[in-house]
Amino acid sequence: MSLRVHTLPTLLGAVVRPGCRELLCLLMITVAVGPGASGVCPTACICATDIVSCTNKHLSKVPGNLFRLMKRLDLSYNRIGLLDSEWIPVSFAKLNTLILRHNNITSISTGSFSTTPNLKCLDLSSNKLKTVKNAVFQELKVLEVLLLYNNHISYLDPSAFGGLSQLQKLYLSGNFLTQFPMDLYVGRFKLAELMFLDVSYNRIPSMPMHHINLVPGKQLRGIYLHGNPFVCDCSLYSLLVFWYRRHFSSVMDFKNDYTCRLWSDSRHSRQVLLLQDSFMNCSDSIINGSFRALGFIHEAQVGERLMVHCDSKTGNANTDFIWVGPDNRLLEPDKEMENFYVFHNGSLVIESPRFEDAGVYSCIAMNKQRLLNETVDVTINVSNVTVSRSHAHEAFNTAFTTLAACVASIVLVLLYLYLTPCPCKCKTKRQKNMLHQSNAHSSILSPGPASDASADERKAGAGKRVVFLEPLKDTAAGQNGKVRLFPSEAVIAEGILKSTRGKSDSDSVNSVFSDTPFVAST
C-alpha cells in the first residue's frame, strides 16, 4: 500500500483542464482577499472602480464598508455638520480627493483628517464655517488644493494652515474676511508653494502696502482681489496698475470688477472703477513711492555694493535671465563684465555704483519649458553718500551750536537774578540803611525826638510832624448837615502829638495803634 501526496497544483492539473488553470488561480486569489479588504458599494452610493459618490443621501457620517482603496469620495449635499476625529471610522490611505461641499459644516476639530493623510484636494466649500484655527489641517502634508469659498469665515488663525508645505491653491472667495491674510506669505507659517490665492468678494477695504513687497512676483501674479469694497487710494491704484502692466491675469481678466468707494462727505459715497485712468488723479511721486515700496525703484550710493533681484512671475526653475542696461548693454550670467555680475537666479550685482550707472535696467526672464517670458523694469538711482553726510553733519553742528548758546544765556540770566554776590561793605551799608529807616519810622510815630538822635533825624522827625499839625478847619458854621463825631478834634490831636520824653518808642506806637475803640459823643 503506497501513500501518494498531492499538492494543490498537482490536484488542479489532474482535475482542471490546462486552459482553465489561470482562471481558477485568479478566482482563488479574489476569494482569499475577501470583502473585508475590497469592501462593497453601499446602497446609498454609486461606485465606479476607485471613485465613490454618495451625494444627497442625508448621511451624517462616512459609511464604514466603503472600498478602502478608493481615490475619490464625493459626500456633498449631506448632513455631516461636524468634523471630529471619529467622523471617518476607517482609514483610507489611497484617498486623494474628498468633496464635502453643502454639508452645513460649522466646525473642524484637530485630528479630523488623521485617517486621510494622503489627500491632495479637499473641498469644504459652501458650508457654514466661521473661523479656521488651531492647525486643523496639519495632518495633510501633501495637500495641494483647498477650497473654502462660500463660507462665513471672518477670521483665519496664522497657524491654521501650518504644515501644508505643498499647498498650491487656496480658495477663500465669498467669505467675511476684513483683512488680507498676509501670514500666508510672510512669517513662521508662510506657504512657499502657494501660487494661487482667491480672496475675491470678501470685505477687505485696503491692502498692506508696506508688506506686499515681500511677496515674490511668482506668487503675486496668483492673488485675486476683485469684488472687495476697497477705499479709493493712490497706493492701491499704483499696485493694481503695476500688476496690469505686468499682464497679471488676476487683473487683466477681472479689470471691471475692481471697484473702490469714493466718499464725498461722511454720509455720501459713490462706487467707481478703480482702474480708470482719469478719475484717481494720482501724482507721479505717489506712484513712484509705491513702486519703490514694491522693490522696483532702488537707491544706490556711490561706491557701495548693490544687489537687485529679478522679481519675475515665471519663477526660477528652468528659467534663464539676462539684463539690459541703460546703455543697451547686455548683461548675462557667468560673463566677465566691468562692475557688474549676474547670478543664475536672476539677481544683478553692481559692485561699485557710479553716477553713470543710474537708469532703467530691464530683466528678461525666459522659461523654455513653460514657454513663458517676462520683462521686468527696475529703476536705479545713484547718489553720493559723502556729500549728503557732510551736509547733514554741517546742519547738525549749526543746530547744536545754537542750542548750546541758548542754554548758556539762560543759565547766565538765572545766575544774575538769584546768585549775585554781595561784598561785606555792601552788607554794612545795607544794615545802616535799615537802621535809618527804623529810626525814621520811630520819629514819625513818637511825640518828640529821642535824646540821642542826631540833628538830621530831628529835622526829619519835625518835617514828618507837620502832617499831623495841620490846622483844623472850623466847620461849625457850615457843616451842611454833617454830624461832627469829635467835637474836640484839636485837643485829641494835641494829645496824640504831645511829646513825653519818658516814654519809649514802643509805648508811642502802642498808643497810636491801640485796640481801644473811639466812642462818638453826641
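Quick reminder: no glycine exception, Cβ is built from N, Cα and C everywhere.
Recorded disulfide link (Swiss-Prot): Cys260 to Cys232, out of the candidates Cys232, Cys234, Cys282. For Cys54, the disulfide partner named by Swiss-Prot from the candidate list Cys45, Cys47 is Cys45. Mapped onto three states, the DSSP output places Cys234 (disulfide bond) in helix. Around Asn384 (N-linked glycosylation site), a 10 Å sphere centred on its CB holds 12 further CB atoms from the protein chains shown. With the fewest other Cβ atoms inside 10 Å of its Cβ, the least crowded of the disulfide-bonded residues Cys45, Cys47, Cys232 in this structure is Cys47. Around the Cβ of Cys310 (disulfide bond), a 10 Å sphere holds 26 further Cβ atoms from the protein chains shown. Shown in sequence order, Cys310, Ser312, Phe321, Ile322, Trp323, Gly346, Leu348, Thr375, Val376, Asp377, Val378 are the residues of the chain, 6+ apart in sequence, with a C-beta less than 8 angstroms from the C-beta of Cys363 (disulfide bond).
A coil conformation is recorded for Cys45 (disulfide bond) in the three-state DSSP classification, outside any helix or strand.
With DSSP states grouped into helix (H, G, I), strand (E, B) and coil, the domain 'LRRNT' (40-68) comes out at 0 helix, 6 strand, 23 coil. The secondary structure of Cys363 (disulfide bond), as reduced to three states from DSSP, is extended strand.
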